[in-house]
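*Asks:* Encoded as structure tokens, here's the structure I'll be asking about.
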Amino acid sequence: MAASPSVVPVTAVMPVLSSSGDFSNLREIKKQLLLIAGLTRERGLLHSSKWSAELAFSLPALPLSELQPPPPITESGEKKKDDETVDSLGPLEKGQVKNEALRELRVELSKKHQARELDGFGLYLYGVVLRKLDLVKEAIDVFVEATHVLPLHWGAWLELCNLITDKEMLKFLSLPDTWMKEFFLAHIYTELQLIEEALQKYQNLIDVGFSKSSYIVSQIAVAYHNIRDIDKALSIFNELRKQDPYRIENMDTFSNLLYVRSMKSELSYLAHNLCEIDKYRVETCCVIGNYYSLRSQHEKAALYFQRALKLNPRYLGAWTLMGHEYMEMKNTSAAIQAYRHAIEVNKRDYRAWYGLGQTYEILKMPFYCLYYYRRAHQLRPNDSRMLVALGECYEKLNQLVEAKKCYWRAYAVGDVEKMALVKLAKLHEQLTESEQAAQCYIKYIQDIYSCGEIVEHLEESTAFRYLAQYYFKCKLWDEASTCAQKCCAFNDTREEGKALLRQILQLRNQGETPSTEMPAPFFLPASLSANNTPTRRVSPLNLSSVTP
């Protein structure tokens, strides 16, 4: 191992940065990126070095005469050592080990900070120490200072990003007026689920000259993943793979999308491909873990997530995914521990809060799961899954008014699993609110028949059975007959449907006249009465009359 190069004061070599949003001199920006890539590489800050180099690569090439010679590459035995190390501690126990030197480091760095002896990298190190000691406010102040002293160091911006929990905190930050701020804002907007703002920022960066940046393309794919636009995200990731087939960053997110769509062959190909590129990357381990999880080999999946955490104990995705696997294996205590580690790494990880809620739901501890579902909902206010989970929790606690609000809101924001209206209808049934229940079932049926998807919905028969009985009681023979005929298509309601059809026929033969006093909103959509052909998706009908 060659001796470490001497640390050159950054201020002596760092060029003057252009002002915020000023991307007019891309040649100078590329020089700055190449310079910081070398400086961060010398200090072992490999993620920041790679980020800067990759961004520089997306800009037009410079003449060789303007490029500084690259630093000598030395063979490192650290990677091989880590690969061959047999760690006696599992990742759950490893996360509990404390670095006893942190307090001494803090004292030493604090003195240097007060004496203004820390350069941009020194401030970054000081901020990391403060963050590890859970001194969040002090860490934020130091990271902000680091971005002022050395704006080109992406690692300082990322550390700052991990400590910002909401948009209000972001407003009060005094950030440097440099073009790097635009990349930071795009990233933090994505993390805070402000996807529209994030996509606009990335589009602006593409427009000013970063159109070839694979980093920006991957971040756009992640943004669409975050709002569950799965088709769009998959399309972008597939295009990115064609452009940069050796890219590993964010491929674990790509594998999550393949997992959700149960695309086994594609996930298998991705796992094998990444193994050939670098099997000791955390992303590769997570992709392989997802592959085994999709095959229901949960022990193997958990093993690969553990490997990922041995490589990087602060890798958020692996903690959350490992928690999911422990849940599948019914190991609730280990699942809780894994989810808690994920939250320690990033308090904005709604999946970990949601996972904790599910775990405590299994343990039949509704007050605990209510707390965790609320936290998940705060992070994802427009995610119907969080709202449905909250509604179920309120229902178990017999807080039915709150449950109705949650189910209605889940439907209003776009119900992913098409279950909110059914749950709301059943709640109205329980409260003997028959008209509201009928209206919810009608909207549920209309929604699944008008979305253009031919899929099986488990509660479809339940909805038709209730509506058939409801219309029968209201003496609306045509509508009752239509719903009863629909019931005959399902095994669990076939006999009831046939019995109701016989009753309707008998009453008609006896001369029983149908009612004409039923309000219009309660009739079945005409398309359902005519045939079963799904039509294009229509806008949700107004349910304001039954809003809880």
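Cβ atoms are placed via backbone N, Cα and C, with glycine included.
Marked as region 'Disordered' by TrEMBL: 66-90. Annotated domain 'Cdc23' per TrEMBL: 76-221, in sequence order. Positions annotated as repeat 'TPR' by TrEMBL: 282-315, 316-349.
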*Asks:* Mind checking how the repeat 'TPR' (316-349) divides into helix, strand and coil residues in DSSP?
*Replies:* 27 helix, 0 strand, 7 coil
*Asks:* Taking all residues of the repeat 'TPR' (282-315) together, what is their mean pLDDT?
*Replies:* 94
*Asks:* For the domain 'Cdc23' (76-221), jot down how many residues DSSP puts in helix, in strand and in coil.
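*Replies:* DSSP composition of the domain 'Cdc23' (76-221): 102 helix, 1 strand, 43 coil.
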